[in-house]
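Quick look at what Swiss-Prot lists:
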COMPBIAS  48-57  compositional bias 'Basic and acidic residues'
COMPBIAS  58-69  compositional bias 'Basic residues'
REGION    43-95  region 'Disordered'
Amino acid sequence: MDLKLLNDQGQAATFSAPDTIFGRDFNEALVHQIVVAYQANARSGNRAQKDRAEVKHSTKKPWRQKGTGRARAGMTSSPLWRGGGRAFPNSPEENFSQKVNKKMYRAGIRSILSQLAREDRIAVVDTFSLESPKTKLAAEKLKALGLDSVLIITDTVDENVYLATRNLPHVAVVEPRYADPLSLIHYKKVLITKPAIAQLEEMLG
């Protein structure tokens, strides 16, 4: 698979990328599965409701068991009563995680990268570095490359690059092992350094 190789001025040449990573068929069902699993595994428990033991209530029986003609009632915390506890309350300990085995996950990442390559959403650079941790420098460099919304995948995240890009709203910098399926799909472009491609090939090939 041929990808665009950009220099610092944004001028393009051709880079021959491995077909094992960038030349696979698109498997929509698999990609959907790993994206949903990734989102589910990122969820944190923040829902809480009270059951009948946790709501504030009196243990006094509202009325006697027999003789009133009304339905029997034991206490006001019953889920049947207004203000009572929930029968099956949501809990912050609820587990939303979904398991995807490594073989499927790697195949899904290869499928995403291949589709991005076909859509011309991947570009390659030799390296990506900055002289100082200035956001202005990072913005100017990305503008010269013709990139605004971009996921930068580099073999090692340079401290200057990290500090300079962290305040840019549509830019993220990650190492190959942290390139998740949601980020790959989310950004308009993916910029990969040559050493990072070698790492991806080793991880996914």
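For all residues, glycine too, the Cβ spot is worked out from N, Cα and C.
Sequence-distant contacts of the compositional bias 'Basic residues' (58-69) (same chain, at least 6 residues past either end, Cβ-Cβ under 8 Å): 75-76. Here the compositional bias 'Basic residues' (58-69) is broken down by DSSP into helix, strand and coil counts: 0 helix, 0 strand, 12 coil. Broken down with DSSP, the compositional bias 'Basic and acidic residues' (48-57) shows 0 helix, 0 strand, 10 coil.
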